[in-house]
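**Q** Before we start, here is the structure in question, set down as C-alpha coordinates.
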Amino acid sequence: MTNIRKTHPLMKIVNNAFIDLPAPSNISSWWNFGSLLGICLILQILTGLFLAMHYTADTATAFSSVTHICRDVNYGWIIRYMHANGASMFFICLFMHVGRGLYYGSYTFLETWNVGVILPFATMATAFMGYVLPWGQMSFWGATVITNLLSAIPYIGTDLVEWIWGGFSVDKATLTRFFAFHFILPFIIAALAMVHLLFLHETGSNNPTGTSSDMDKIPFHPYYTIKDILGVLLLILTLMLLVLFAPDLLGDPDNYTPANPLNTPPHIKPEWYFLFAYAILRSIPNKLGGVLALVLSILILVLMPLLHMSKQRSMMFRPISQCLFWILVADLLTLTWIGGQPVEHPYIIIGQLASIMYFTLILVLMPIASTIENNLLKW
(Lines of atoms letter the chains of each structure in order from A and count residues from 1; the text may use other names and numbers.)
(Lines give C-alpha, C1' and ligand atoms only; values in the text may rest on other atoms or scores of the structure.)
Protein backbone atom coordinates (compact mmCIF):
# COMPACT_ATOMS: atom_id res chain seq x y z
CA MET A 1 0.00 0.00 0.00
CA THR A 2 1.34 3.43 -0.94
CA ASN A 3 1.79 6.05 1.76
CA ILE A 4 -0.99 8.69 1.86
CA ARG A 5 1.55 11.48 2.29
CA LYS A 6 3.02 10.56 -1.10
CA THR A 7 -0.30 10.22 -2.95
CA HIS A 8 -2.73 12.80 -1.51
CA PRO A 9 -2.63 15.95 -3.72
CA LEU A 10 -2.15 18.34 -0.76
CA MET A 11 0.00 16.10 1.43
CA LYS A 12 2.24 15.40 -1.57
CA ILE A 13 3.19 19.10 -1.81
CA VAL A 14 4.02 19.25 1.91
CA ASN A 15 5.91 15.95 1.67
CA ASN A 16 8.04 17.11 -1.25
CA ALA A 17 8.81 20.43 0.43
CA PHE A 18 9.42 19.47 4.07
CA ILE A 19 9.71 15.68 4.50
CA ASP A 20 11.23 13.77 1.57
CA LEU A 21 13.03 16.82 0.17
CA PRO A 22 16.62 15.84 -0.74
CA ALA A 23 18.92 18.26 1.14
CA PRO A 24 22.72 18.64 1.12
CA SER A 25 24.33 16.76 4.01
CA ASN A 26 26.65 19.61 5.01
CA ILE A 27 24.49 22.75 5.28
CA SER A 28 25.33 24.71 8.43
CA SER A 29 23.20 26.70 10.87
CA TRP A 30 23.29 29.65 8.43
CA TRP A 31 20.67 27.67 6.48
CA ASN A 32 18.26 27.84 9.44
CA PHE A 33 17.15 31.41 8.78
CA GLY A 34 14.72 30.56 5.96
CA SER A 35 12.56 28.47 8.27
CA LEU A 36 12.97 31.07 11.05
CA LEU A 37 11.65 33.75 8.68
CA GLY A 38 8.63 31.53 8.02
CA ILE A 39 8.03 31.17 11.77
CA CYS A 40 8.42 34.96 12.22
CA LEU A 41 5.89 35.61 9.45
CA ILE A 42 3.33 33.21 10.95
CA LEU A 43 3.88 34.75 14.40
CA GLN A 44 3.45 38.29 13.03
CA ILE A 45 0.25 37.38 11.16
CA LEU A 46 -1.25 35.72 14.26
CA THR A 47 -0.33 38.46 16.77
CA GLY A 48 -1.32 41.10 14.20
CA LEU A 49 -4.72 39.47 13.74
CA PHE A 50 -5.43 39.62 17.48
CA LEU A 51 -4.23 43.24 17.65
CA ALA A 52 -6.49 44.17 14.72
CA MET A 53 -9.49 42.88 16.70
CA HIS A 54 -9.01 45.70 19.22
CA TYR A 55 -7.32 48.42 17.15
CA THR A 56 -9.18 51.33 15.52
CA ALA A 57 -7.62 52.99 12.48
CA ASP A 58 -8.79 56.52 13.24
CA THR A 59 -6.63 59.51 14.22
CA ALA A 60 -8.87 60.33 17.18
CA THR A 61 -8.80 56.85 18.73
CA ALA A 62 -5.75 54.97 17.34
CA PHE A 63 -3.37 55.92 20.17
CA SER A 64 -5.92 55.24 22.91
CA SER A 65 -6.92 51.92 21.30
CA VAL A 66 -3.28 50.75 21.56
CA THR A 67 -3.25 51.91 25.20
CA HIS A 68 -6.51 49.98 25.71
CA ILE A 69 -4.90 46.84 24.23
CA CYS A 70 -2.00 47.12 26.68
CA ARG A 71 -4.07 47.95 29.77
CA ASP A 72 -7.48 46.33 29.43
CA VAL A 73 -7.31 43.43 26.95
CA ASN A 74 -6.39 40.04 28.46
CA TYR A 75 -2.68 39.55 27.71
CA GLY A 76 -2.95 42.43 25.23
CA TRP A 77 0.40 43.82 26.38
CA ILE A 78 2.23 40.58 25.53
CA ILE A 79 0.55 40.34 22.11
CA ARG A 80 1.47 43.96 21.34
CA TYR A 81 5.11 43.55 22.43
CA MET A 82 5.46 40.20 20.67
CA HIS A 83 4.28 41.90 17.48
CA ALA A 84 6.62 44.91 17.87
CA ASN A 85 9.69 42.88 18.86
CA GLY A 86 8.71 40.10 16.45
CA ALA A 87 9.35 42.62 13.67
CA SER A 88 12.88 43.14 15.03
CA MET A 89 13.50 39.38 15.11
CA PHE A 90 12.11 39.17 11.56
CA PHE A 91 14.67 41.71 10.33
CA ILE A 92 17.56 40.09 12.24
CA CYS A 93 16.71 36.80 10.49
CA LEU A 94 16.28 38.62 7.17
CA PHE A 95 19.71 40.29 7.36
CA MET A 96 21.36 36.99 8.37
CA HIS A 97 19.57 35.16 5.52
CA VAL A 98 20.65 37.73 2.89
CA GLY A 99 24.19 37.80 4.36
CA ARG A 100 24.36 34.01 4.07
CA GLY A 101 23.24 34.26 0.43
CA LEU A 102 25.99 36.80 -0.32
CA TYR A 103 28.74 34.86 1.49
CA TYR A 104 28.01 31.46 -0.03
CA GLY A 105 27.07 32.69 -3.52
CA SER A 106 23.43 31.58 -3.32
CA TYR A 107 22.55 34.48 -5.66
CA THR A 108 23.53 32.28 -8.61
CA PHE A 109 20.03 30.77 -8.31
CA LEU A 110 18.65 33.73 -10.29
CA GLU A 111 14.88 33.24 -9.93
CA THR A 112 15.11 32.37 -6.23
CA TRP A 113 17.36 35.38 -5.61
CA ASN A 114 15.25 37.88 -7.56
CA VAL A 115 12.04 36.87 -5.77
CA GLY A 116 14.11 37.03 -2.57
CA VAL A 117 15.10 40.64 -3.31
CA ILE A 118 11.43 41.64 -3.68
CA LEU A 119 10.72 40.15 -0.22
CA PRO A 120 12.83 42.66 1.84
CA PHE A 121 11.11 45.54 -0.01
CA ALA A 122 7.67 44.14 0.84
CA THR A 123 8.75 43.46 4.43
CA MET A 124 10.18 46.97 4.85
CA ALA A 125 6.98 48.52 3.45
CA THR A 126 4.92 46.44 5.89
CA ALA A 127 7.10 47.35 8.88
CA PHE A 128 7.07 51.05 7.98
CA MET A 129 3.28 51.16 7.71
CA GLY A 130 2.93 49.17 10.94
CA TYR A 131 5.08 51.74 12.76
CA VAL A 132 2.62 54.47 11.73
CA LEU A 133 -0.42 52.70 13.23
CA PRO A 134 0.03 53.48 16.98
CA TRP A 135 -0.17 57.18 15.96
CA GLY A 136 2.54 58.38 18.34
CA GLN A 137 4.89 61.28 17.60
CA MET A 138 7.45 59.13 15.75
CA SER A 139 4.63 57.37 13.85
CA PHE A 140 3.27 60.67 12.53
CA TRP A 141 6.61 62.35 11.79
CA GLY A 142 8.16 59.18 10.39
CA ALA A 143 5.21 58.85 8.00
CA THR A 144 5.50 62.54 7.05
CA VAL A 145 9.25 62.41 6.37
CA ILE A 146 9.37 59.08 4.52
CA THR A 147 6.30 59.68 2.31
CA ASN A 148 7.66 63.17 1.55
CA LEU A 149 10.71 61.54 -0.08
CA LEU A 150 8.50 60.65 -3.04
CA SER A 151 8.11 64.38 -3.77
CA ALA A 152 11.71 64.20 -5.08
CA ILE A 153 10.42 62.32 -8.15
CA PRO A 154 10.41 64.83 -11.04
CA TYR A 155 7.07 66.18 -12.38
CA ILE A 156 4.72 63.76 -10.58
CA GLY A 157 6.35 63.82 -7.11
CA THR A 158 4.05 66.29 -5.32
CA ASP A 159 0.87 64.81 -6.81
CA LEU A 160 2.06 61.32 -5.89
CA VAL A 161 2.67 62.29 -2.24
CA GLU A 162 -0.76 63.94 -1.92
CA TRP A 163 -2.35 60.89 -3.56
CA ILE A 164 -0.69 58.58 -1.01
CA TRP A 165 -1.67 60.90 1.86
CA GLY A 166 -5.26 61.17 0.66
CA GLY A 167 -5.12 64.90 1.39
CA PHE A 168 -2.64 67.72 1.94
CA SER A 169 -0.96 66.17 4.99
CA VAL A 170 -0.63 62.87 6.86
CA ASP A 171 -4.11 62.54 8.37
CA LYS A 172 -7.07 60.20 8.94
CA ALA A 173 -7.15 58.99 5.31
CA THR A 174 -3.43 58.12 5.48
CA LEU A 175 -3.83 56.13 8.70
CA THR A 176 -6.82 54.17 7.36
CA ARG A 177 -5.10 53.17 4.12
CA PHE A 178 -1.86 52.32 5.93
CA PHE A 179 -3.82 49.95 8.18
CA ALA A 180 -5.43 48.32 5.12
CA PHE A 181 -2.04 47.86 3.41
CA HIS A 182 -0.38 46.70 6.62
CA PHE A 183 -3.03 44.00 6.92
CA ILE A 184 -2.84 42.74 3.32
CA LEU A 185 0.94 42.87 2.70
CA PRO A 186 1.96 39.98 5.01
CA PHE A 187 -0.27 37.68 2.96
CA ILE A 188 1.43 38.92 -0.22
CA ILE A 189 4.78 38.25 1.52
CA ALA A 190 3.58 34.71 2.35
CA ALA A 191 2.64 34.15 -1.31
CA LEU A 192 6.03 35.48 -2.48
CA ALA A 193 7.79 33.25 0.06
CA MET A 194 6.00 30.24 -1.46
CA VAL A 195 7.19 31.29 -4.93
CA HIS A 196 10.69 31.73 -3.44
CA LEU A 197 10.55 28.13 -2.13
CA LEU A 198 9.11 26.85 -5.41
CA PHE A 199 12.10 28.22 -7.34
CA LEU A 200 14.54 26.96 -4.70
CA HIS A 201 13.16 23.42 -4.93
CA GLU A 202 13.68 23.47 -8.72
CA THR A 203 17.45 23.56 -8.15
CA GLY A 204 17.89 22.26 -4.60
CA SER A 205 19.79 24.06 -1.85
CA ASN A 206 23.29 25.48 -2.12
CA ASN A 207 25.84 24.37 0.50
CA PRO A 208 28.84 26.00 2.27
CA THR A 209 31.40 24.75 -0.27
CA GLY A 210 29.39 26.07 -3.24
CA THR A 211 29.95 22.79 -5.13
CA SER A 212 27.23 20.43 -6.36
CA SER A 213 25.78 18.22 -3.63
CA ASP A 214 23.77 15.97 -5.96
CA MET A 215 25.88 12.92 -5.07
CA ASP A 216 25.41 13.41 -1.31
CA LYS A 217 21.83 14.18 -0.31
CA ILE A 218 19.89 13.32 2.85
CA PRO A 219 16.14 13.59 3.55
CA PHE A 220 15.01 16.89 5.07
CA HIS A 221 13.08 15.01 7.78
CA PRO A 222 14.26 14.09 10.42
CA TYR A 223 17.71 15.72 10.02
CA TYR A 224 16.82 19.32 9.22
CA THR A 225 13.42 19.35 10.92
CA ILE A 226 15.25 18.68 14.22
CA LYS A 227 17.91 21.24 13.34
CA ASP A 228 15.24 23.83 12.50
CA ILE A 229 13.41 23.18 15.79
CA LEU A 230 16.61 24.11 17.68
CA GLY A 231 16.72 27.38 15.71
CA VAL A 232 13.04 28.05 16.44
CA LEU A 233 13.59 27.46 20.19
CA LEU A 234 16.50 29.93 20.21
CA LEU A 235 14.42 32.45 18.24
CA ILE A 236 11.48 32.19 20.65
CA LEU A 237 13.83 32.37 23.66
CA THR A 238 15.43 35.59 22.33
CA LEU A 239 12.04 37.08 21.43
CA MET A 240 10.52 36.31 24.83
CA LEU A 241 13.59 37.67 26.66
CA LEU A 242 13.04 40.92 24.76
CA VAL A 243 9.27 40.95 25.28
CA LEU A 244 9.29 40.10 28.99
CA PHE A 245 12.42 41.91 30.19
CA ALA A 246 13.07 44.81 27.79
CA PRO A 247 9.99 45.33 25.57
CA ASP A 248 10.88 48.95 24.75
CA LEU A 249 14.63 48.42 24.28
CA LEU A 250 14.41 48.72 20.48
CA GLY A 251 11.54 51.24 20.39
CA ASP A 252 11.51 55.04 20.56
CA PRO A 253 10.27 56.83 23.71
CA ASP A 254 8.77 59.56 21.46
CA ASN A 255 6.16 57.07 20.29
CA TYR A 256 4.58 57.10 23.76
CA THR A 257 3.56 60.71 23.09
CA PRO A 258 0.37 61.02 20.97
CA ALA A 259 0.91 62.42 17.46
CA ASN A 260 1.00 66.22 17.35
CA PRO A 261 1.37 67.91 13.93
CA LEU A 262 2.32 71.21 15.68
CA ASN A 263 5.32 69.80 17.55
CA THR A 264 8.26 68.24 15.70
CA PRO A 265 10.44 65.78 17.72
CA PRO A 266 14.13 66.86 17.98
CA HIS A 267 15.40 63.73 16.18
CA ILE A 268 13.17 62.00 13.65
CA LYS A 269 14.47 58.49 13.07
CA PRO A 270 12.95 55.16 11.98
CA GLU A 271 13.16 51.79 13.76
CA TRP A 272 16.70 50.33 14.09
CA TYR A 273 16.35 48.01 11.07
CA PHE A 274 15.97 50.98 8.68
CA LEU A 275 18.81 53.07 10.13
CA PHE A 276 21.50 51.85 7.68
CA ALA A 277 19.35 52.92 4.70
CA TYR A 278 18.36 56.15 6.49
CA ALA A 279 22.06 56.99 7.02
CA ILE A 280 22.74 56.48 3.29
CA LEU A 281 19.72 58.70 2.47
CA ARG A 282 20.96 61.50 4.77
CA SER A 283 24.57 61.31 3.59
CA ILE A 284 23.67 62.80 0.19
CA PRO A 285 22.88 66.55 0.30
CA ASN A 286 20.55 66.32 -2.73
CA LYS A 287 16.97 65.09 -2.14
CA LEU A 288 16.54 63.05 -5.33
CA GLY A 289 20.11 61.72 -5.04
CA GLY A 290 19.43 60.61 -1.48
CA VAL A 291 16.22 58.81 -2.47
CA LEU A 292 18.00 57.03 -5.34
CA ALA A 293 20.84 55.97 -3.03
CA LEU A 294 18.28 54.73 -0.48
CA VAL A 295 16.55 52.52 -3.07
CA LEU A 296 19.86 51.38 -4.59
CA SER A 297 21.23 50.37 -1.18
CA ILE A 298 18.87 47.37 -1.31
CA LEU A 299 18.25 47.11 -5.07
CA ILE A 300 22.02 46.60 -5.50
CA LEU A 301 21.37 42.99 -4.43
CA VAL A 302 19.86 42.39 -7.89
CA LEU A 303 23.29 43.11 -9.40
CA MET A 304 25.12 40.52 -7.27
CA PRO A 305 24.99 37.74 -9.91
CA LEU A 306 26.43 40.19 -12.50
CA LEU A 307 29.20 41.30 -10.12
CA HIS A 308 30.26 37.70 -9.40
CA MET A 309 33.69 37.43 -11.04
CA SER A 310 35.05 34.43 -9.14
CA LYS A 311 35.40 30.96 -10.67
CA GLN A 312 34.27 29.63 -7.29
CA ARG A 313 30.73 30.04 -6.07
CA SER A 314 31.19 30.29 -2.30
CA MET A 315 33.56 32.52 -0.30
CA MET A 316 34.57 29.51 1.81
CA PHE A 317 37.97 29.18 0.08
CA ARG A 318 38.42 32.88 -0.83
CA PRO A 319 40.19 34.71 2.05
CA ILE A 320 40.43 38.14 0.34
CA SER A 321 36.69 38.17 -0.42
CA GLN A 322 36.01 36.99 3.13
CA CYS A 323 37.88 40.00 4.53
CA LEU A 324 35.89 42.37 2.29
CA PHE A 325 32.63 40.68 3.27
CA TRP A 326 33.26 41.23 6.99
CA ILE A 327 34.36 44.82 6.29
CA LEU A 328 30.97 45.24 4.56
CA VAL A 329 29.21 43.87 7.67
CA ALA A 330 31.18 46.31 9.88
CA ASP A 331 30.30 49.13 7.45
CA LEU A 332 26.58 48.30 7.71
CA LEU A 333 26.81 48.32 11.52
CA THR A 334 28.53 51.73 11.30
CA LEU A 335 25.73 53.02 9.04
CA THR A 336 23.12 51.67 11.49
CA TRP A 337 24.82 53.58 14.33
CA ILE A 338 25.11 56.79 12.25
CA GLY A 339 21.43 56.62 11.22
CA GLY A 340 20.44 56.98 14.88
CA GLN A 341 22.70 59.99 15.53
CA PRO A 342 21.81 63.69 15.02
CA VAL A 343 22.88 65.45 11.81
CA GLU A 344 26.02 67.19 13.10
CA HIS A 345 29.81 66.90 13.00
CA PRO A 346 31.44 64.30 13.09
CA TYR A 347 28.43 62.08 12.28
CA ILE A 348 27.81 63.69 8.86
CA ILE A 349 31.28 62.91 7.49
CA ILE A 350 31.35 59.41 9.04
CA GLY A 351 27.98 58.67 7.39
CA GLN A 352 29.21 59.94 4.02
CA LEU A 353 32.41 57.88 4.20
CA ALA A 354 30.49 54.76 5.29
CA SER A 355 28.00 55.25 2.41
CA ILE A 356 30.81 55.61 -0.16
CA MET A 357 32.49 52.56 1.39
CA TYR A 358 29.28 50.51 1.10
CA PHE A 359 28.86 51.03 -2.65
CA THR A 360 32.61 50.85 -3.36
CA LEU A 361 32.93 47.49 -1.58
CA ILE A 362 30.07 45.90 -3.50
CA LEU A 363 30.57 47.47 -6.94
CA VAL A 364 34.38 47.76 -7.12
CA LEU A 365 36.44 46.01 -4.46
CA MET A 366 34.67 42.64 -4.27
CA PRO A 367 34.76 41.99 -8.06
CA ILE A 368 38.47 43.03 -8.09
CA ALA A 369 39.20 40.68 -5.16
CA SER A 370 37.47 37.82 -7.00
CA THR A 371 39.61 38.44 -10.10
CA ILE A 372 42.80 38.52 -7.98
CA GLU A 373 41.82 35.22 -6.33
CA ASN A 374 41.25 33.64 -9.76
CA ASN A 375 44.72 34.75 -10.87
CA LEU A 376 46.35 33.51 -7.65
CA LEU A 377 44.93 30.06 -8.42
CA LYS A 378 46.05 30.46 -12.08
CA TRP A 379 42.44 30.10 -13.29
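Backbone N, Cα and C define each Cβ position, glycine as well.
Heads up, here are the entries from Swiss-Prot:
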- His83, His182: heme b b562 binding site (BINDING)
- His97, His196: heme b b566 binding site (BINDING)
- His201: ubiquinone binding site (BINDING)
- 33-53: transmembrane segment (TRANSMEM)
- 77-98: transmembrane segment (TRANSMEM)
- 113-133: transmembrane segment (TRANSMEM)
- 178-198: transmembrane segment (TRANSMEM)
- 226-246: transmembrane segment (TRANSMEM)
- 288-308: transmembrane segment (TRANSMEM)
- 320-340: transmembrane segment (TRANSMEM)
- 347-367: transmembrane segment (TRANSMEM)
**Q** At the level of the C-alpha atoms, what whole-angstrom distance separates His83 (heme b b562 binding site) and His97 (heme b b566 binding site)?
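**A** Cα-Cα, rounded: 21 Å.
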**Q** Take a look at 33-53, 77-98, 113-133, 226-246, 288-308 and tell me which one has the most Cβ pairs under 8 Å to the transmembrane segment (178-198).
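**A** Result: 113-133.
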**Q** When you measure from the Cβ of His201 (ubiquinone binding site), how many other Cβ atoms are you left with inside 10 Å?
**A** 14
**Q** Using a threshold of three or more Cβ pairs below 8 Å, and leaving out pairs closer than 6 in sequence, do the transmembrane segment (113-133) and the transmembrane segment (288-308) count as in contact?
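**A** In contact, yes.
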**Q** Cβ under 8 Å, sequence separation of at least 6 from the ends of the transmembrane segment (77-98): give me the contacting residues as numbers and ranges.
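**A** Cβ under 8 Å, 6 or more out: 30, 33-34, 36-37, 40-41, 43-44, 47-48, 50-51, 66, 69-71, 116, 119-120, 123, 127, 130, 235, 238-239, 242-244, 247, 250-251, 271-273, 301.
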**Q** Does His182 (heme b b562 binding site) have same-chain partners at least 6 apart in sequence with Cβ under 8 Å from its own Cβ, and which are they?
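**A** Counting only residues 6 or more apart in sequence, the Cβ neighbours of His182 (heme b b562 binding site) under 8 Å are Gly48, Thr126, Met129, Gly130, Leu133.
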**Q** So for His83 (heme b b562 binding site), how many other CB atoms are inside 10 Å of its CB?
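**A** There are 21 such Cβ atoms around His83 (heme b b562 binding site).
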**Q** Using Cβ-Cβ distances, find the residues under 8 Å from His97 (heme b b566 binding site) that belong to the same chain and are at least 6 apart in sequence, listing them in sequence order.
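**A** His97 (heme b b566 binding site) has long-range Cβ partners Phe33, Gly34, Leu37.
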